[in-house]
């Protein structure tokens, strides 16, 4: 009777009526957070007297923390809180962070005074002021870590009803609307919110995201009685961690020379019948040492941290196999994260598209988003039908080829950035602006549109190809790991970018020389820095070619992708963080 009541109560909840609450929550969160990030370099340099290099490094760490915590948020959500509580906690945490940031703009004591041309000595921020600033970044990163990995799956939970024959069609429609809302929200954030910040100041520019985030939290909580709230259960990432712990605990256990069916623990119906020979040390995790002690009467492991299933072990091995290919994508995201410097460049140029309207400097990243969207649509609707006739692949080109194309285009983007900056800097010096980084150069900012567009195409081609590539070697039970690895990759790239900026700034300024990344970009050499990124991107492409050799079908099976999946099984819409 209790089960029937629970099923009846579940049938009255969820469905399409919950979608507005969930999509509005995610959309407002994106508008608020992205609206703050884009122009933040200017705020840090103006009110915290940070150099361009220091500000960019801090923003890179903030981005890395936000993306990296997404994995922590997913684990806590799956294993402890459940998705509803995770999204609620994350939304409230983001709101708190935004309120603190808004207060720094409202209360003069929370930030240092901006330097003027009449002040020769500028007092930097105090430890308390920096603590307040970093606390708002921390709250917003924690919020993003909970909301972004859980919101989309929480929405799908509302539509997963087995008794509904149109379930898959509804979920597909939901994904379309969800990602469309993210795209619209991001464009709105980097245009309208940035324009308000430039036109009406930081108090209004930070206040509007606070209002939007408050509405986001309110909408999500108002819909609480209507939601299906799936209870937390053990996370897949926890299961992979159990393999590492179990293998370490049994590191002194000898491995059998031949396969014996009763020697390894594998549940009924497992797709793996014998352990693979690569990474054999992990096979110890599924070795049954004492059946009486290690197994329950029903055949399950009595202690999952000491005995894992053969499927768990092979899943971890599949993940390890794709790590080299995964690492080839770091440089594209490093390049994307360096466009904080482009905000400083476009501020010194003519940004008018009409006599009475000019594009805000921080809004030029919208061209990256537009190019990314156009490329995905053009490839999916035009190129795939044409290429599939010649390649025999349902998706046109293979994921690996698309990844390589993305890496090459990113090299072109960085080279074009270096050339454009060299021209801009030369003109600034010729016009006598070497000592005035805020002076306008007689040069259109539209010169920057091609490099943004190229980088958008590069990210779309590589990132979508990378996510599709992960679907081949990973078992179906690990399909959610593909977007998770993409998220971790962006976090690692942001951290690498921060270290790179700090290193270049330090090395290029030794001996009293002007840093390449000087806040006075007319005296610095951003063009040298972009040439360095071009070289590193090209080096990364050769590394990619080497890695590809280990995934050729003719290589040894231990180094080869062993599980092939149909191209149609991959859903590139999982590219949620672009």
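Yeah, the Cβs are placed from backbone N, Cα and C, and that goes for glycine too.
Summarising the annotation, TrEMBL assigns transmembrane segment to 40-65 (among others).
Listed by sequence, the residues of this chain that lie at least six past the ends of the transmembrane segment (86-107) yet keep a Cβ under 8 A from its Cβ atoms are 25, 29, 32-33, 36, 47, 73, 76-77, 129, 132-133, 135-148, 150-151, 154, 201-203, 205-207, 209-210, 213-214, 216-217, 220-221. Residues or ranges marked as transmembrane segment by TrEMBL: 86-107 (among others).
Annotated transmembrane segment per TrEMBL: 127-156 (among others), in sequence order. Below 8 angstroms of C-beta separation, residues 18-19, 22-23, 25-26, 29, 33, 36, 48, 58, 62, 65-74, 76-77, 83-84, 86-87, 89-98, 100-101, 103-104, 110-112, 171, 174-175, 178, 227, 484, 487, 576-577 of the same chain, each at least six residues beyond the ends of the transmembrane segment (127-156), sit close to that stretch.
Beyond the transmembrane segment (177-196), the same-chain residues lying 6 or more positions past its ends with a Cβ under 8 Å from any Cβ of the stretch are 19, 23, 26-28, 30-36, 38-39, 152, 155, 204-205, 208-209, 360, 362-363, 365-366, 369-370, 373, 573, 576. Here TrEMBL flags 177-196 (among others) as transmembrane segment.
The transmembrane segment annotation in TrEMBL covers 202-228 (among others). Residues 10, 13-14, 17-18, 20-22, 24-29, 31-33, 35-36, 39, 43, 47, 84, 87-88, 91-92, 94-95, 98-99, 101-102, 105-106, 154, 157-158, 160, 193-194, 196 of the same chain sit 6 or more residues outside the transmembrane segment (202-228) yet have a Cβ under 8 Å from a Cβ within it.
The transmembrane segment annotation in TrEMBL covers 359-379 (among others). Remote same-chain residues near the transmembrane segment (359-379) are listed as 38-39, 42, 183, 186-187, 190-191, 194-195, 197-198, 336, 339, 342-344, 346-347, 351-353, 396, 445, 448-449, 452-457, 459-461, 464, 572, 578 (criterion: CB distance under 8 Å, separation of at least six residues from the stretch ends).
The transmembrane segment annotation in TrEMBL covers 400-419 (among others). Within its own chain, the transmembrane segment (400-419) is flanked in space by residues 325, 328-329, 331-332, 335, 342, 450-451, 454-455, 457-466, 468-469, 527-528, 530-531, 533-534, 537-538, 540-541, 544-545, 548, 551, which lie at least six positions past its ends and keep a Cβ under 8 Å from the stretch.
The transmembrane segment annotation in TrEMBL covers 483-508 (among others).
Per TrEMBL, the feature transmembrane segment maps to 528-551 (among others).
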